[in-house]
Amino acid sequence: MDYAANLAMTLPEVILGVGAIVLMLVSAWGGSASTRAVSWTAVAVLAGACLALLGPASYGGSAFDGLYRADAFAAFAKVLIFIASGVAILLAPDFFQRTTGDDLRPEYPVLILLSAAGMGMMVSASDLLTLYVGLELQSLAAYVLASFMRRDTRSAEAGLKYFVLGALASGILLYGISLVYGFSGTTLFGGIAAAYAAPHSLGLLFGLVFVFAGLAFKLAAVPFHMWTPDVYEGAPTPVTAFFASAPKVAAMGLAVRVAVEAMGPATDQWRQIVIFAALASIVLGAVAAIGQTNIKRLLAYSSINNVGFALVGLAAGTPEGVSGVLIYMTIYIAMTLGSFLIVLQMRDDDGQPIENIAALSGMSRTRPGLAAALAIFMFSLAGIPPLFGFYAKFAVFDAAVRAGLFPLAAVGIAASTIGAYYYLRVVKTMYFDDPAPAFPKGNSPVEGGLIVLTAAFVSPLGYLAIPLLGGWTMTAARALFPAI
Amino acid sequence: MIQAIAFYLFAIIVIGSAAMTISSRNPVHSVMWLILAFFNAAGLMVLVGAEFIAMLLVIVYVGAVAVLFLFVVMMLDIEVAQLRAGVARYAALGLALAVALAAEILIGIGAWSAGGLKISQRIAPIDGNVPNIQAMGQLLYTRYLFVFEAAGFVLLVAMIGAIVLTHRQRGGVKGQNISRQNARRPQDATRNVQPPVGQGVQL
């Protein structure tokens, strides 16, 4: 196969990479004055990368001698990643302007573009090398973004903590990769699957455990979640919104692909790990969130909890399960981005962000629209019908039950009621407590529009999208299971 | 014969310079001995046919890491007497580590003489006649081109990150503006004065 065909399949990453380099040059000469132009161009580059998925990038198959897979699964995950990255770029300039008084530096959109290229590689990886390099490209940009407000000690702390723990996770993952490579003799996912299918030594299973531990770290699944609340709290809010959305989709896509494509024959082995991580994340995410007074920490635990639910779908190990994971992640990023958009509206008259949940008191009287939107997101995150978040949970539990994992489904559903408590507490604070000082009205049409859009998607209107969403996710999931 | 001589030469110098690294009184001398040890380790690597690793040792360890050490050591104010006191304090821990390493070497040799661990066959064994630098280069720029380019992006992110997190605009610094310097004419910069005899020049 010639390079043109290979490049056509990797076109989304090529567009992102070239776009990032060009915008880097623009920002090097333009300085802070060029931030808004660079931001909008970066969003256009992401849209271009989405459009590129219409081509061979979504059906081309293997590129670069099996290093990269362009299939429907990768394309679906990439659409989610690029949309979430675009939102993270759009939110930033106003936030930084208000909080620091200075213009946002134009490296921010450039780093998000490079991170998005890394995430694209992650969900398209069909070789351990692509997996690792993609993951590092994503993570390294994320470490810098976490401490982007470098004068703020919490932001610097978040970046440092994320970097140290992320490096540890990379080490664990690399150790697993080296074991898998050593005992299977190849880094290609197809070859690894063949090694797992044949009678194999214990070494391969050790490799599997370490690879899953490393991936759980990147997913922030319990017991590798401890960095999440601190990093989410310390990072600037638009960056936190980014962390909670796009990299989660990428890490989940990567975990699904590794589990199904590379380690499919060892499903019984990794299922135990995934079930443990899923249940532990659901329970710990729910219980630990109860005592939180900071809304960003609350949402961090909420993201841990939600990753647990998505892993329930992976534990099923069937096309329905993978389709459930994709549905879950789609609805999850809408709910999470929406919640963080509301957090961005929480600020005092000087424009400084407020992160205390108590500040939401009585918001239903001072800002009824905002309160209603947050109530929709909270009810949806709790999985209460008729909101769309219910369908997400339904899809993953349905797949788990069909795969015969009754105990997992039963415990998961029971634990989701614990989670409902703290989501409903936020709603109670907004609707039944005495009003706190009102937040000043925002004047950003972009943020307002995005809140309306995400709220509409997770409201019962979202059910209209089910036939479309179900069809796409099923096509995407089948791409991973060629035999069925 | 010549291999054996080269091996013993390199090996003795490695051990000797390693011993000097930890026993030398001056930290700068320690780093110099370390560089000598690196060079001779590279020689050993060439002898076993791993010329790529030998190059890496010289380029990465001597060229970058050791020079970095040297800068750090020269900037620190190291009190040798204080370090000596530290040696006594951590002697037990160091001894335990040394024993663990020695035990690992012994176990490793024992396991090796009992036959290697059965791990998988290499999918694409390297042709013995191709030098390993050439073999690596052929793969790096063809089969693994995609990952190689992506690794370049990782380095770009590291560079952008370092600049974003540390660079700041400082006031009161005299920068160089070459075009302004070139545009400057003699009549703007100089003036003729004729100081009277016995008096200095008024500047």
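Glycine too: its Cβ is placed from the backbone N, Cα and C atoms.
All TrEMBL annotations are machine predictions without curation.
Copied over from TrEMBL, here are the features:
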type	residues	note
TRANSMEM	A:6-26	transmembrane segment
TRANSMEM	A:38-60	transmembrane segment
TRANSMEM	A:72-96	transmembrane segment
TRANSMEM	A:108-125	transmembrane segment
DOMAIN	A:125-418	domain 'NADH:quinone oxidoreductase/Mrp antiporter transmembrane'
TRANSMEM	A:162-184	transmembrane segment
TRANSMEM	A:204-227	transmembrane segment
TRANSMEM	A:239-260	transmembrane segment
TRANSMEM	A:272-291	transmembrane segment
TRANSMEM	A:325-344	transmembrane segment
TRANSMEM	A:370-392	transmembrane segment
TRANSMEM	A:404-424	transmembrane segment
TRANSMEM	A:445-466	transmembrane segment
Seg_contact(the transmembrane segment (A:72-96), the transmembrane segment (A:404-424)) with at least 3 CB pairs under 8 angstroms, min sep 6 = no
Any contact, the transmembrane segment (A:445-466) to the transmembrane segment (A:325-344), with at least 3 Cβ pairs under 8 A | yes
Thinking of Cβ pairs under 8 Å, which stretch from A:6-26, A:108-125, A:162-184, A:325-344 has the most of them with the transmembrane segment (A:239-260)?
-> A:325-344
